[in-house]
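This report refers to the structure that appears directly beneath it.
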Amino acid sequence: MVGSVHVNGSVNGGNGTEERLDELRRLLGKSDGDLLKIVGIGAGAWGSVFAALLQDAYGRFREKVQIRIWRRAGRSVDRTTAEHLFEVINSREDVLRRLIRRCAYLKYVEARLGDRTLYADEILRDGFCLNMIDTPLCPLKVVTNLQEAVWDADIVVNGLPSTETREVFEEISKYWKERISVPVIISLAKGIEASLDPIPRIITPTQMISSATGVPTENILYLGGPNIASEIYNKEYANARICGSNKWRKPLAKFLRQPHFIVWDNSDLVTHEVMGGLKNVYAIGAGMVAALTNESATSKSVYFAHCTSEMIFITHLLTEQPEKLAGPLLADTYVTLLKGRNAWYGQMLAKGELSPDMGDSIKGKGMIQGISAVGAFFELLSQPSLSVQHPEENKQVAPAELCPILKRLYRILIKRELSTRDILQALRDETMNDPRERIEMAQSHAFYRPSLLGKP
């Protein structure tokens with residue numbers, strides 16, 4: 001098979017690509033001439049890159065697969081962004097030539113001059129994600145009508161923020177009422193909802209999707225890993241895990257795997273999905289610490305030790321034998337604390353360039369999912385019905401009382417009663433236990449609360 005040159009200059013040889021596509025088509029019962037239809041829902045940075053990776057790998061097999069992405073229509077591109085986009089276009093000869101060849105360059109000139117308004121769905125068709133202007137993608141097939149996008153899709157990729165997942169999939173369920181075949185859904189969303197009545201419990205994005213659509217949980221998977229979207233599209237080496245039922249996770253891991261993007265499979269959906277939400281929580285604090293200490297490696301490592309011990313403690317509340325915080329799971333946490341929109345947000349707060357009053361949707365960055373997750377985790381873990389034995393004091397306390405960093409973040413971001421500088425006090429508290437003690441306490445299994453996931 002002849003290799004193909006991509007818009008970003010990379011070459012994708014055969015590498016069994018068509019064979020992997022054929023294998024997945026057979027598993028999904030697709031006959032000759034029947035397209036395998038894949039659609040991404042939501043066009044944030046990672047959702048757009050994920051669709052672009054599939055388009056680069058499989059898009060040339062037009063008689064076998066159709067790859068599209070849905071985003072809402074009507075989002076305009078402001079003048080400042082249009083000017084920056086024009087600079088990006090002219091700095092990349094390959095992109096410039098592509099737009100000229102597609103007769104699409106002139107509209108960017110007009111937008112640069114203020115003579116035309118561009119729209120997010122329009123520029124996405126040309127390969128520009130509004131949340132990631134500096135990293136041009138391949139051109140994408142964009143759909144703005146949700147019903148058209150999903151009604152006959154075989155594989156749906158949820159690229160929505162967790163805060164929007166339930167609402168959009170409830171709408172999608174209306175278009176699936178008469179479906180005969182059940183779609184496969186891959187969720188990229190990181191975050192949770194907290195339900196406090198009738199009993200406190202966590203609701204993850206895959207649970208939201210199953211509840212909204214009636215799609216069985218065995219057909220819903222979660223993909224996560226140490227992934228910075230722009231770096232992955234620029235072919236930086238990365239890996240990820242796709243978690244869920246054995247029926248789908250192994251063939252999908254094989255289908256998604258590329259030379260620079262290695263995908264493994266794992267059965268522990270709960271731990272990976274909860275960790276996906278938790279890491280965004282603690283990434284905001286990591287950004288604050290980095291900015292407040294002038295990028296002190298020592299301070300950041302102290303924060304890392306304490307926040308990972310809290311994460312381990314929380315996952316042991318949720319599942320009796322959670323996946324260990326190691327390998328890709330640890331790497332995902334590390335890279336999110338090191339770099340990403342949540343860490344960036346924490347830095348901007350600490351520098352005074354943003355404030356919590358500005359909300360959780362930031363221009364040029366999209367949704368800061370860690371903010372809502374801070375509120376959800378803290379409010380859930382503050383419920384008296386979940387009380388656990390304090391390791392040193394002879395009394396029952398809510399689990400949140402054993403998570404001092406989470407508590408500080410809640411008071412800074414949600415209650416807004418502390419300044420960002422107070423995050424450092426959580427590290428300097430002389431009464432704080434050694435992180436190892438919190439981990440040992442969690443691993444004793446004394447705190448496992450199956451009700452948090454709706455289990456008896």
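Yeah, the Cβs are placed from backbone N, Cα and C, and that goes for glycine too.
Following the DSSP three-state reduction, the secondary structure of W46 (NAD(+) binding site) is helix. Feature annotation from Swiss-Prot assigns NAD(+) binding site to G42, A43, G44, A45, W46, G47, K190, A229, R341, Q369; the stated evidence is similarity to another entry.
Other Cβ atoms within 10 Å of the Cβ of N342 (substrate binding site) number 26 in total over all chains. Residues or ranges marked as substrate binding site by Swiss-Prot on the basis of similarity to another entry: K190, R341, N342.
The annotation active site, proton acceptor is assigned in Swiss-Prot to K279 on the grounds of similarity to another entry. Less than 8 angstroms from the CB of K279 (active site, proton acceptor) sit K190, M311, D332, T333, T336, L337, each of them six or more residues away in the same chain.
The number of other CB atoms found within 10 A of the CB of K190 (NAD(+) binding site), across every protein chain shown, is 28. Counted over all residue pairs in G42, A43, G44, A45, W46, G47, K190, A229, R341, Q369, the record's binders of NAD(+), the longest Cα to Cα distance measures 17 angstrom. You'll find the Cα of N342 (substrate binding site) roughly 14 Å from the Cα of W46 (NAD(+) binding site).
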